[in-house]
């Protein structure tokens, strides 16, 4: 037996040796077939390094140049350095004035802790009301700016206003750099980033509001959102290495949380992004784990934001949290079925409906158990906006008449077309969308797809980051078509997506030469237009407002309370520090009601009615603006006095807008005539061409 076993064992060993030799030879053949980059490492590495270095240099330079351009343009527009402090502060209009006034308050505070306490228990802004200004107005940018100003010793080098606007302009530079990087990641060439920046600046009127209102929350927040999208784009790429994934994940986590802290409406924008990722997860099977990692970032940011924003209940009842929790629950309930089978397809459909039902259910439950004031006026506004409800309410109709809350005008589309942005965007979007649908259809039919997509395949819609951006831009574009103010969220990504498509060989494999000539058009327009704007001398001249603020600071008692339009009250709070009755903020029901009541000074109400309203808010002075009282609106029925007449029943809309009988004239006109009973309640103490200031009498005499 032993003798017989010897040859058999020997034979087995030979077979194993032969098979191992065959495997090794096969491996050698495969290795020899595949290109080995190590054969020319210096040449390849140098090319890659040069490409990355030049691209990064171009991205950083673009951001810095844009920030410097904004600073120069702002200086030329307002002659900022040649003006006194009061005249500079007047350039901050509306809610921008409120934000900057709190930055000034933080710098005046004896310590940072004391300044924060005074803002969180603020009773010196709105009469008869103590507010947590940090939470209600998202003043975290002002807190950070004040800390940086004092900690860096900038108070010895630069004035507070220059430091403040300098930070905002710097953030805009980061915004442009992030858009540059996103387009670069998608197209593979940094030339796409250059074209993105060119289009962004050419269409600056429709891409940013930085020129009109520097301290707006969106100007602080959107740069972080752009960084988050750039990191998410890199994170979703299929060919990213481990270190790249970790870097993108960390950058995405930090920017998501910072974005949420900077803007009270940020979670709504992240909700749209979560919907895009959910649809990406449904269409692209390979990215499921990455998408769920992003969901974890959302949950972490929401709960950390809830704790650090004074237990902000709006984050707990936000649709973002409900959607992410529903997605997590749906993943736990999914069956482990083989991909591509009929049961798997059925489960995909069931999972989609399950997520929708769970999201709505969880949101309703959270709103039942969590006390909140989650912008109820926004829901009412949307109902009226889409024709689901009718109202004569002044606030709702006033919001509907705001240009930023109406549908985009034809001028908006004309401007985008003239800069050649819109035609390219539509073309790129159509190609990407059709390619995406083709890939999805192939997956539904169970056809296998290549792991690596080559240029010749012509399947750009198979890349997960492209699928995400197509869905996201369609969602943002749909909202921008309804409300023009949302164009500032959509148009920057129109620039990025159009530039990516123009410079992507994958997309324009056959027509690249012709389209390359077309892309010169906006670049040629770039420098001449910017130089023209910088060379053009503009002047901001508002002596009437300067005179009014000077009179208040010199003549009005320190404890005086002023009443007037919310926009003017914001300027008074910033320039004088005096207490006011209302603010130009629209995220609080009580402030909205105050605004409506104070606006009654432009209605057809009696002197006694106006007096009762003003004294109920402890107002000492009333300011009537000629621009509102004698307003000649371009849009029919949208003047403040028209809206007040509708709300008060002084206009019958069904009978051709005819005025009904009112025994009282318009208050803002009648009070100027100085006859009884108006003179019994109000005494004029100051006036100029634009403003009339009346002292509200504490002792009323009805002697004519």
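Every residue number used here counts from 1 along the chain in the order it is shown.
Quick reminder: no glycine exception, Cβ is built from N, Cα and C everywhere.
Please treat TrEMBL annotations as automatic predictions, because they have not gone through curation.
Look at TrEMBL and you will find 18-32 tagged as compositional bias 'Basic and acidic residues'.
The annotation region 'Disordered' is assigned in TrEMBL to 1-34.
Residues or ranges marked as transmembrane segment by TrEMBL: 52-73 (among others).
Taken from TrEMBL, the feature transmembrane segment covers 161-178 (among others).
Away from its own ends, the transmembrane segment (184-202) comes close to residues 51, 54-55, 58-59, 62, 66, 69, 176, 230, 233-234, 237, 419, 421, 465-466, 469, 492, 495-496, 498-505, 519, 522-523, 525-526, 529-530 of its chain (Cβ-Cβ under 8 Å, at least six residues beyond either end). Summarising the annotation, TrEMBL assigns transmembrane segment to 184-202 (among others).
Remote same-chain partners of the transmembrane segment (297-330), defined as residues 6 or more beyond its termini with a Cβ less than 8 Å from a stretch Cβ, comprise 120, 132, 134-135, 249, 252-253, 256-257, 260-261, 264, 267-268, 270-271, 274-275, 278, 351, 354-355, 358-360, 362-363, 366-367, 370-375. Among the features that TrEMBL reports, transmembrane segment is placed at 297-330 (among others).
The feature transmembrane segment is assigned by TrEMBL to 350-370 (among others).
Among the features that TrEMBL reports, transmembrane segment is placed at 422-441 (among others).
Long-range Cβ contacts of the transmembrane segment (466-483) within its own chain (Cβ-Cβ under 8 Å, at least 6 residues beyond either end) map to 186, 232-233, 236, 272-273, 275-277, 279-280, 283-284, 385, 404-408, 429, 432-433, 436, 460, 489-491, 493-494, 497. Sequence annotations record features per position, and here TrEMBL assigns transmembrane segment to 466-483 (among others).
Here TrEMBL flags 489-508 (among others) as transmembrane segment. Within the chain, the transmembrane segment (489-508) has long-range Cβ neighbours (under 8 A, six or more residues past its boundaries) at 175, 179, 182-183, 186-189, 191-193, 195-196, 199-200, 203, 206-208, 222, 226, 229, 269, 416, 421-422, 424-425, 427-429, 431-432, 455, 458, 460, 469, 472-473, 476-477, 479-480, 515, 518-519.
Through the fold, the transmembrane segment (52-73) approaches residues 165-166, 169-170, 172-177, 180-181, 184, 190, 193-194, 197, 201, 210-211, 530, 533-534 of its own chain, all at least 6 residues removed from its boundaries and within a Cβ separation under 8 Å.
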